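Okay, structure first, notes after.
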Amino acid sequence: MTLRSFFAKKIPGLIALLLFGTLLSGVLMFYSQANLAAPASDVAGQFFSALTFSAGKPGFLITVSVLMAIPLLLKVPRQQFLKLGVQFAILLVLSFAAKSGLKHLTEVPRPYTYELEALGIVSSPEDFYQLDEKGKDHAVMEARQHVSEWRIQHWLGETNYSLPSGHTIFVAVCVVFWGGFFLRRRHYVPAAALIVWATGVGVSRIWLGMHWPTDLLASVGCAALLYLCVPEWQSES
């Protein structure tokens, strides 16, 4: 395969990712930061928690299973299906490794740590990250009188650093890979649905106080770079 044909096969996926990044950027222009101390309705809490669950542990496994079932429903040949599975698996492994490595390199505090500082629970976000896991959980629990339980339960589960967003890298990987899969076959409705879902996941991370807009956009860029590392093996129909 020539370099030109390799990049040509990447174009549909990159177009899908560009559409996702554009929609997400547009939404973030109007909703870039949540008021974490504001009351949260159960409807909003359930909605954003469900979106986050679909891209986190263990919910991402359900999402992966649904996406991998799509080629079967479209009656993609067995050999091509296996190649798609290998490609997607490579992309997922690369994304998880990149996410973990970059968090340790960047060490950007999560937005909710600034809320803990504002409440007088910690002296600074940096001090929060000096605590052990038990200490971090205790600090988060102290905020329960001021912050919705919908947010608290997510803060307890994720006390590591903010940049990049693992949830957003995951959905961006899904968009660039499966969005490209749909666009190649002119299945525009499922491609659009995938992009809207991914945008919703990104917004949920803002609403929960888990990430900054820059975390989300950096994750989209990271997914684009990782996608270029995945070989193109299957024959396009």
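Glycine too: its Cβ is placed from the backbone N, Cα and C atoms.
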Range annotated as transmembrane segment - as stated in TrEMBL, picked from 108-126, 165-183: 165-183
Among ranges 1-21, 190-210, whichever one TrEMBL labels transmembrane segment: 190-210
DSSP-derived helix, strand and coil totals, residue by residue, for the domain 'Phosphatidic acid phosphatase type 2/haloperoxidase' (83-231): 112 helix, 0 strand, 37 coil
Whole-number mean of pLDDT values that fall within the domain 'Phosphatidic acid phosphatase type 2/haloperoxidase' (83-231): 97
Within-chain partners of the transmembrane segment (81-98) [C-beta distance under 8 Å, separation at least 6 from its ends]: 64, 67-68, 71-72, 164, 166, 169-170, 173, 176-178, 181, 222-223, 226-227, 229-234
